[in-house]
Amino acid sequence: MRLPLSLLLVAVFSSIIAAAFQGQSNVVLVVFEDQVMLKTHSRFVDSLKAIGKTVEVKQANSESFDLRADGEYVYDSIVLLCPTATKMERKLSLDSLVRFVDAGHNLFVAAGHGYSDYTSKVASSIGVDLDYKRNKMTDHQQPFQSLDDGSHTIIRAGGLVQSKYLFGDENIKASDIVFSGPGATLFTDNELIDKVMWGSGSCYSTDDSRRPLSKIPRVAGAASVLAAALSTRTESRASYFGSIDTLSNDAFDKAGKKHEKALTSFLAWTVGHAGVLRTRNLVHSSIDDSGSLANEFRVKDTIKFSIDVQEWDGGKGVWSPYVADDMQVEFVMLDPWVRERLHYSGNENGTYTATIPVPDQIGVYKFNIQYFRPGLSPIVLMKVVPVRPYLHNEYERFIGMASPYYASSFSMLIGVFLLGLVILYGNKGEDGEHAKAD
Amino acid sequence: MATDAVERKSADQPAQTASPSAEENSQVLFTRPQRELLLRTLILGLICLVSFSIRLFSVLRFESIIHEFDPWFNFRSTRVLVGEGSYKFWNWFDSRSWYPLGRIVGGTVYPGIMYTAAFMYNVLHFVGLKVNIRDVCVLTAPVFSAFTALSAYALTKEASDDAAGIVAAAIMAIVPGYISRSVAGSYDNEGVAITAMIFCFYLWTKSVNTGSLFWSGLTTLSYLYMVACWGGYIFLINLIPIYVLVMLFSGRYSHRLYVAYNTFYVLGTLLSMQIRFVGFNAVTTSEHLGAFGTFGLLNLYCVKNWVQSFTGPRVFKAFVRWLVFLAMSLTGSIVVLAFVTGNGGGMTGRIRTFLDPTYASKHIPIIASVSEHQPTSWGSYFFDLHITVYLMPIGLYFCFKKLTDGNMFLITYGTFAIYFSGVMIRIMLVLAPAASMLSAIGISETLKFAMRSLQADDDDEDLSMRVANPSAEEAKSQQSGPVAFCLCVGACVLLFQYVRHAIWATSEAYSSPSIVLSAKGRDGERIFFDDYRAGYYWLRQNTPDDAKIMSWWDYGYQISGMGNRTVIVDNNTWNNTHIATVGKAMNSPEDVSYKIARKLDVDYVLVVFGGVVGYSSDDINKFLWMVRISASVDKSVNEKDYMTSYGGYTVDDSAGKALTNSLMYKMCYYRFGDMARDPRGAFDRVRQTVVKDASSIKLKYFEEAFTSENWIVRIYRVKKPNARGWV
């Protein structure tokens, strides 16, 4: 018995150390509506445990939440699986939830049929505008047959972002994913939220799928958002999925492995298991022998720019090099003056390099990387460096082309000297005469 | 008894030309020339002392502090020069101003004053006096004002006589127009440059009078110093050629003039090209063209004289005809060529403004916006020059009466300075010495005349000894004793009033550092408003080292000097577009401003608001210039939108819609409603109106970071973009 206990202790400690090393806790708070859901959605939640997260389960109706202890956040992420729970606002105010996300923590929110005002507010705080709560996405042409009760409100998704980070596999097809719930749109004044899953061309939202449409549906076709993801500027993530029903064990069984894999991967992505990038070791130096300091360049220098880009490997728990061929760095002063591709050097640090020719224009420039890819944490990086003119002693001393100029100035010097000699000592006799004449 | 009289009088006219008879008095300790020298030295010493100490009001009343705006830049550069050496200063690329454009300070500065202060600092340290560089900078201008008084003495002496010279030094020492730019702490180019200019004029007159290469050489050296100090050297390089032309056309051409001018022009131009900021401008721009043209003309004239000396009148006539034809066709073709290649019209806006006073207000709002570039009102002539305004014509009269090469120069100088001072209030500084010297000649000659007739009344036999050859006028004046007496008394009263006025003007108007404000309290005590420094120190202590501060350009030098932070624009208004961008950020609605601020990486915005204490030169009063300057670049900005429907500029409820929506308005009046004492709203003490909607102002993209005690400086933080992507 001793050995397993000590092993457990070691495991606990090491996980604590690892968590401390990453600067945040490893605990995910999952909020269910009631005791029943704990059972019906167990597989979805258990997928978090499989990726090494500690899961703390609470019920929306009974318990109160404390996000902070001793002034620090207890949780790393919050998963809200309680779309219809009322009274949530009193236990976990929207304001504190938003601050939790802004402080760099993750949020997953699921909506469902008859969602509460709270859910709608949480969704809109991350830029998702939910359809009316009585409405459901309906698709008469391709409903999901094995669960359909004839109302055609259990539908297949029409499209999704092909990303192994978001959905675990690039080959997952949209039609593998089953959805039942309200549609949504995105607020246009949020510039970071992305739709990652949307409806097919034939789906629309209605409150009664058996009656013909009498007015234009609020959400329809490919514009209807089924799932959305947001990578915040504080390196946290927030995501939305509109169908709590198809996250259940039952739905997983019926809809198939691919459905389950895509959605559990989406959850794993939300809690930061995949697609997390970080940058290290921004180094820039002048290749030319300009004697520049490392943080100042001269016009027409050539800069060697390098940066390490690493990706969090959730499976192994290590940072590994991120490999891509579409990253670029800009050299900006008001406008980009140079835009260069970053080339992966192939080493284990994930070092990317670029050679930047400094333009012939003085000013205060900045290296600028803006790398936004779906499913990856964005890389936004700025580093200010001044570009100075040539020092007065950095110009060429003697220019061959100017030799006529040199010759003329020296001949002038000699000429004046000779003329002086001639005037002073040349013809004394006349000089005297001249003086007399004066 | 006779010696008593002489001594009494010598205080008024100390260097009265001596009559040889007085020298025989063996009872006195010194001979007469010795006594005169002693007295003259003493008087000049006292004048220096007065001119130094009258400028110390600001130090005594406030503290040893650098004043105003431009001096802060000069001070900052001097610290770089002293701290990092001449090479570093020469190559200095300032990445902390004009973000993100940067500024090559070493190449865009007149380094004279910095080198002067650094030189004094090093000398003092070498001697063992460990003074602070700030104190050296603060006292540079007063020290140089003493030199100016001496130069004025020398120039007037050269142009007129010794007596006038001493009066000139005395008047020059306290002339308010010059004090305005040379009080302690006013560490500005002009403080040193006026000295250089007057000294250069002195050497120039001397070299014209002597025709010596030595003096001309010295003139070019002092011209070099002048060029190194101030952009106003343009005045000098145009005045001297004009003087030469005047001499030429009035038939006073001489070989002395020829030697002096040719040496001056050739050497002076070569030397002035050594100043980086001037460089090839000295030969390529149209401002220097006049000097070049005069150079050519003078030599042509000389050639003409030479040819005339050995040809007959008929051949000579033909020669002159050909010469004129050749010269004119050459000039004409050069002008055509210049216009075709587009190199000709390179006159800067300020110079154009001199030739056409309405040019700037029509075309260049950035020049028109500067208060010292405004046309001068007649009141400021009297305020800055006082009695010299009236005495100047008298001086001119006496100069014309006894025309010499030397006072011809003073006449030219005075005339041109009067014209230019009418165009820009700033040129009052150049007029002040001319006015001082001319009125000194006027006073001196009048008094001399009056004294002579008084003496004649007093002591007839003494006069007959004294004045060997009384002219007709003086003979006539012998009968007008009471008039002469009145003249003397009147002159004394006038001079006394002048001294009083000069001291009062210095103390009240010109000794405020303008970064520390003061006001008289109800029972006469002084109240100080130190808001500016509080604001700048707040920036220095509380913001990251690389924070970028956006403010209207007036405060740029002070923010970088006192706050040590990067600024977007500053008082070196070299890039109109950049200033217009900042103006646009200030006069636009918040969301537009925010985009501009983000584009420029701005972290903080600083505004100056005087509505609480009634400080009138604040940003709301400067606001229309922000509109005009940005309108000169961005045509979508329309000044009319910021006005009331009647075309007025107010901040009450009839204010223009664009004004109340602008960032500047919001930042100035944000939370101003809290200050309300009466129910209608808070009262703006500058605009004398109630600002009704002040309490409803909300800021979305900016948040208040600091407001100084009297609300003069308000600093706002530019909010970071929303973490969740909301715009």
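Every residue, even glycine, has its Cβ placed from backbone N, Cα and C.
If you look up TrEMBL, you'll see B:1-11 marked as compositional bias 'Basic and acidic residues'.
The compositional bias 'Polar residues' annotation in TrEMBL covers B:13-27.
The average per-residue pLDDT of the prediction over the domain 'Oligosaccharyl transferase STT3 N-terminal' (B:40-438) is 89, rounded to a whole number. According to TrEMBL, the domain 'Oligosaccharyl transferase STT3 N-terminal' annotation covers B:40-438.
Residues or ranges marked as domain 'STT3/PglB/AglB core' by TrEMBL: B:549-607.
Per TrEMBL, region 'Disordered' is recorded for B:1-27.
According to TrEMBL, the transmembrane segment annotation covers B:37-57 (among others). Same-chain neighbours of the transmembrane segment (B:37-57): 10, 14-15, 30, 141-143, 145-146, 148-150, 153, 162, 166, 169-170, 172-174, 179, 182-184, 502-503, 506-507, 511, counting only residues six or more beyond its ends whose CB sits under 8 Å from a CB of the stretch.
Residues or ranges marked as transmembrane segment by TrEMBL: B:104-124 (among others).
Per TrEMBL, transmembrane segment is recorded for B:136-156 (among others).
The annotation transmembrane segment is assigned in TrEMBL to B:162-180 (among others).
The transmembrane segment annotation in TrEMBL covers B:187-204 (among others).
Taken from TrEMBL, the feature transmembrane segment covers B:224-246 (among others).
According to TrEMBL, the feature transmembrane segment maps to B:258-277 (among others).
Residues 237-238, 240-242, 244-245, 248, 253, 257-258, 261-262, 265-266, 269, 283, 316, 319-320, 323, 327, 331 of the same chain lie 6+ residues outside the transmembrane segment (B:289-307) yet bring a C-beta within less than 8 angstroms of a C-beta in it. Feature annotation from TrEMBL assigns transmembrane segment to B:289-307 (among others).
The transmembrane segment annotation in TrEMBL covers B:319-340 (among others).
If you look up TrEMBL, you'll see B:381-400 (among others) marked as transmembrane segment. Residues 159-160, 171, 175-177, 180, 407-408, 410-411, 414, 421, 428, 431-432, 434-443, 445-446, 494-495, 497-498, 501-502, 505, 509 of the same chain lie 6 or more positions beyond the ends of the transmembrane segment (B:381-400) yet place their CB under 8 Å from a CB of it.
Same-chain neighbours of the transmembrane segment (B:407-429): 155-156, 159-160, 177-178, 180-181, 190, 194, 201, 204-205, 208, 235, 239, 242-243, 246-247, 250, 252, 353-354, 357, 371-377, 380-381, 384-385, 392, 395-396, 399-400, 435, 437-438, 441, counting only residues six or more beyond its ends whose CB sits under 8 Å from a CB of the stretch. The transmembrane segment feature in TrEMBL is assigned to B:407-429 (among others).
When Cβ distances are compared across the two stretches, the transmembrane segment (B:187-204) makes contact with the transmembrane segment (B:104-124), since 3 or more pairs at least 6 residues apart fall below 8 angstroms. Here the domain 'STT3/PglB/AglB core' (B:549-607) is broken down by DSSP into helix, strand and coil counts: 33 helix, 8 strand, 18 coil.
Away from its own ends, the transmembrane segment (B:162-180) comes close to residues 13-17, 40, 43-44, 47-48, 50-51, 54-55, 145-146, 148-150, 152-156, 194, 383-386, 388, 428-429, 431-433, 435-437, 439-441, 443-445, 448, 498-499, 501-503, 505-506, 509-510 of its chain (Cβ-Cβ under 8 Å, at least six residues beyond either end). When Cβ distances are compared across the two stretches, the transmembrane segment (B:258-277) makes contact with the transmembrane segment (B:224-246), since 3 or more pairs at least 6 residues apart fall below 8 angstroms.
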